[in-house]
Structures are given as structure tokens and as C-alpha cells.
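> If you scroll down you'll find the structure; I have some questions about it.
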């Protein structure tokens, strides 16, 4: 190289802190999008289970009824799922109690299956009265928490989610947005809080698993650097 020539500066590299913040923001956005679409999908599936009571096949009128129902329900469920799924690992970090119970995808998928089963039971199983149905679903929902979560923060958030979601649903029904066929608890069905509680636990488990995967990826990248 000649004496008069100067070495051109290479591309500017971001510091480790900026790179970490950027990657965390991107991962947070990706987790939110994934949770949103999972919530939308579950909302469509559970809506089908509620509509097709005593229907074993999928006739055209049942399929059409999914898309003719209120269009805003799946996006609202997706948004709520994203918020819940991001909130659970955030609360775990702030409490300093990382959730380590049954942290694998097979357990998460079983939790989703049990949640769908609880919803299916609410639509298909006939009881003598609604109190028996509500108590049974409450026991199943608490059993879901005990089997797949067992954290105090998870139980507390599940109860809070059930209360807020039931309150919002009551306000929507009261204002005539939609209605239940046989309301027995302040314009809604008495088993509804159990469904919301189980849904909060399920989305929390999915959010925790996604957050754990993100931590593994970040740790591997920092180790390579």
C-alpha cells in the first residue's frame, strides 16, 4: 500500500447494548404477532365449538356461520392473547420468580388441548343445572392451572383476567352488542369466568415458552460474539 493512501473506515458497528435492545424489541414484536394469530385461530375454533352444538359433521351452514358472526371477535381475542402472553413472562421477571415448571412445547400443546376440551365441555355436556356445570368447569380450570402452571403469579393473573373479561362481556351484552341463549349470571353464562381463567393460563404458558426460546437464542448469540 502506498504511503499517501489512507485506509477507508469499515462499516460502523453498534455497541453490544444497542444490539441487545434492538434484538429484544424485534423478538418482542415477533412474539406479539405469533400470540395474536394463535389467539385469532383459537377464537375461530372455539366459536365453531359453541355454534355446532349437537353437530358431529361440518355442514355448509355451520362453516358459513363462523364467517357471518361478528368480525371483531377474533381480532379482539388475538389482541388480548398477545397482551396476556407478553404479560406473563414480564411479571415473572419483575417478581424475580422465573417460571420453570414443565417448560417444554409438548406440555404447552397439552395445555391447549385441555383448554379446548374445557370449552367443548361447556357446549356439549348436559348437566341438571348450570351450577353443576359451572362448578365442574371451575374444577377443570383450576386443575389446568395446577397441572401446567402452579405459580402464584399465574393464578393471580388468571383470576384478574377472568374478572376483567367477564365484566367487559357483561357490558357488551348489556349494550346489545350480542347475547347468550340462556343467560343465568348477569346477562351471561355462569361458566364464562372459568373459560376466561383457563384461557389466560393457556396463553400465559404459550407466552412463557416463546420468551424462554427467545432467551436461549439471545444467550447463544452473545456466547458466539
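Cβ coordinates are placed from backbone N, Cα and C, and glycine is handled just like the others.
What you are looking at is a predicted structure, and each value in this text was computed from that prediction instead of being measured.
So Swiss-Prot lists these for the protein:
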MOD_RES   215  cysteine sulfenic acid (-SOH)
MOTIF     219-225  motif 'KxHxx'
SITE      115  site 'Required for the recognition of 25-hydroxycholesterol'
TOPO_DOM  1-28  topological domain 'Cytoplasmic'
TOPO_DOM  52-70  topological domain 'Lumenal'
TOPO_DOM  89-103  topological domain 'Cytoplasmic'
TOPO_DOM  149-153  topological domain 'Cytoplasmic'
TOPO_DOM  176-189  topological domain 'Lumenal'
TOPO_DOM  208-225  topological domain 'Cytoplasmic'
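Mind running through what each feature is packed against?
Other C-beta atoms found within 10 angstroms of the C-beta of residue 115 (site 'Required for the recognition of 25-hydroxycholesterol') number 24, with every protein chain shown included.
Taking the topological domain 'Lumenal' (52-70) as a whole, pLDDT averages 51 in the prediction.
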> Per DSSP, what is the helix/strand/coil residue tally across the topological domain 'Cytoplasmic' (149-153)?
2 helix, 0 strand, 3 coil
